[in-house]
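So that you can see what the record holds, here are the features copied from TrEMBL:
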TRANSMEM  B:45-68  transmembrane segment
TRANSMEM  B:74-96  transmembrane segment
TRANSMEM  B:117-134  transmembrane segment
TRANSMEM  B:154-171  transmembrane segment
TRANSMEM  B:183-203  transmembrane segment
TRANSMEM  B:282-306  transmembrane segment
TRANSMEM  B:318-338  transmembrane segment
TRANSMEM  B:372-400  transmembrane segment
TRANSMEM  B:412-433  transmembrane segment
TRANSMEM  B:439-460  transmembrane segment
TRANSMEM  B:467-489  transmembrane segment
TRANSMEM  B:501-519  transmembrane segment
Amino acid sequence: MAKQLPDVGSGGTVPPPRRTRIVLAEITRQDSRAERTRTELAQQTQVGEALVRGLVRAQLALALRLSLVVAIGLGGLPWLFAIAPSLGRTTLAGVNLPWLLLGVGSFPFLIGVGWAYVRLAERNEQDFIHLVQRPER
Amino acid sequence: MANDYVVPAIVAVTLVTVGIGFYGLRLARTTSDFLVASRAISPTWNAAAIGGEYLSAASFLGIAGLVLKYGVDVLWYPVGFAAGYLALLLFVAAPLRRSGAFTLPDFCELRLGSRRLRILATAFVIFIGWLYLVPQLQGAGLTLATVAGSPYPLGALLVAAVVTANVALGGMRAITFVQAFQYWLKLTALAVPAIFLALQWQADARPAVTPPDGPTFRAATTVVVEHRATLTLPDGEIREVRPGDELTFAAGDPVPEVSGVATDAADWLLPSAAGDDDRGLFATYSLILATFLGTMGLPHVLVRFYTNPDGAAARRTTLVVLALVGAFYLLPTLYGVLGRIYTPQLLVSGQTDAVVVLLPGAALGDGLVGRLLAALVAAGAFAAFLSTSSGLLTSVAGVISTDVLGRGSVRGFRLATVIAGGVPAVLALNVSGLDVSQVVGLAFAVAASSFCPLLVLGIWWRGLTDLGAAAGVLVGGGAAIGAVLVTVLGPPLSGWPATLTAQPAAWTVPLAFTVMVAVSMATRRRAPADVAATMLRLHTPESLRL
């Protein structure tokens, strides 16, 4: 497949029929618009380096923020039960609160945090892609 | 205890596992076939396969046993086992998939370019893998002894032999469908009996889980003691019991207080409070840290992430795994709670890990339904031993064949499998007295104190050096291993030394991170020159790749 592709950069050759664009998703992405910025990334110029550092920092900040949510939401429970023993004796529908919070409630909470992370991390990556492609617009 | 359905059910699970393995092997022969096959299936199947491999004997048997014995404080085990996937998702999943590393030693070499670090990582993979395999085999021996009356070593050796033969012949390698099938089997094997158990509990006029006078025997029971303990009988008499002793109780008799078990209703029902038990609180936090951070360092967990097509898919798969695993962990707690009502004799005999397999028979009686459900649970338990041990054995044998025996030929891999399966089999014969979940907890603690800092710092911090990584793994992981050895082999301890060695993660994990950062900063010049290129590869979306 790769051999059929013309060398776009060198110019001169007429591209072959557009048929190949439908065959593989990857080929449509080989759009030349963002070529220069991508090259900057790959060659680790200062601009590229700064872009990647920004992405890593954004993703790490997101992960740390959400772990803080879990650390407070779940990690606070043993401490809370320890300083307020009456909380452990509170019952809801005949079941003691710690059993409900840990045995049932914690799992939807974890899944919710995970879902939020996947959405936000993908948004960070989208922002990064837009940033990389913007100079070419 | 003769249940005609148990042995056929176990044999069927084993045959189906081996059968699907071989069928899959015929379909996919080369490495690329495996990868393509894995990529052709959806994240849901992939996630079910990861869940199937992850839900081990500790999850299937151990958690319910611990809940029966200790009550609310051990609910942190299932929460932590599930939350481990969240930590994996937040810090590791996508970058690790993008790195292209297949195993932890691969990651070390790829990120830090050090052969010596690779060898160190190999040693830790082998240790953690063996530590995790032992309780699987132990659970198998226990289950077979409980449901079929065979001697304990038989079940342990049987599973070890089946799994070793299966992996050595290549049947389990990267066969996603076997693992996915076993996830659903395990979920069904706990969920269906749970419905019947709940209905039975309703029909019995909802007996209280924690009656004011403590648990009582519902029927006349003869208990054969399995573990040495001190009993306090209702009339105040104190009695030492040894393995083999027989005790007889009439229906309605209160359960004697057993040393080391939360027999008292308040102890069991309520979380440990401040003041009276600081060590309990420390142990709880230590357990939380070990399970949250240990999952990412388990050798059989990481390998599976390579079957995702890209980093974004790795994230979505991890989220589905979290949901599947979370759904499963709702169930063992129920078994532990109902076990207080229907199988209190296990508190006296010490075989609390058997509660899941015994409860259906004890609650529903010896009728057809009770026996079928008991067989279903036993089959699910065997699925747990087989899938987790196969995954672990494949990982351990893989690193032994490539990094210890030299370049991996098929013959070398088979030899490595026999070594990797033989050592834990021998160990499992000598540790039948330990709680399945506690040994697994120790494996998590070692993983959390060695590979977790290595992965997290390696992925997110440019300053990590090979010396820093090696020092952190040696000091943190070494301290955790020392604690494990003291707990498993050493003399019985009491007070703070016992707590610090039984639940070491709260001090070994911070120690590992500190040493790794400090030594890396002191050896800053050794940071790899290609770190910027590595970071680019780990963190940028694949669609931008050149």
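Every residue gets a Cβ built from N, Cα and C, even glycine.
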Stretch-level contact, the transmembrane segment (B:282-306) and the transmembrane segment (B:501-519), CB cutoff 8 A, at least 3 pairs: yes
In contact by Cβ distance (the transmembrane segment (B:501-519), the transmembrane segment (B:183-203); 3 or more pairs under 8 Å): no
Segment-segment contact (the transmembrane segment (B:45-68); the transmembrane segment (B:372-400)) at 3 or more Cβ pairs under 8 Å: yes
Leading contact stretch, B:117-134, B:412-433, B:501-519 vs the transmembrane segment (B:154-171) - CB distance under 8 Å: B:412-433
Stretch of maximal Cβ-Cβ contact with the transmembrane segment (B:439-460) [cut-off: under 8 Å; candidates B:74-96, B:412-433, B:501-519]: B:501-519
Same-chain residues at least 6 beyond the ends of the transmembrane segment (B:74-96) whose Cβ lies under 8 Å from its Cβ atoms: 54, 58-59, 62-63, 66-67, 107, 284, 287-288, 290-296, 301-302, 305, 311-312, 314-315, 317-319, 321-322, 325-326, 329, 332-333, 437, 441, 444, 455-456, 459-460, 538-539
Contact between the transmembrane segment (B:467-489) and the transmembrane segment (B:318-338) (3 or more Cβ pairs under 8 Å, separation 6+): no
Contact set, same chain, for the transmembrane segment (B:117-134): CB under 8 Å, 6 or more residues outside the stretch: 56, 103-105, 107-109, 297-300, 388-389, 392-393, 395-396, 399-400, 403-404, 420-421, 423-424, 427-428, 431, 439-440, 442-443, 446-447, 450-451, 454, 466, 469-470, 473-474, 477, 481, 484
Chain residues outside the transmembrane segment (B:318-338) and at least six past its termini with a C-beta under 8 angstroms from it: 43-44, 47-48, 50-51, 54-55, 59-60, 63-68, 75, 78-79, 81-82, 85-86, 88-89, 93, 183, 186-187, 190-191, 194, 197-198, 201, 209, 305, 355-356, 359, 363
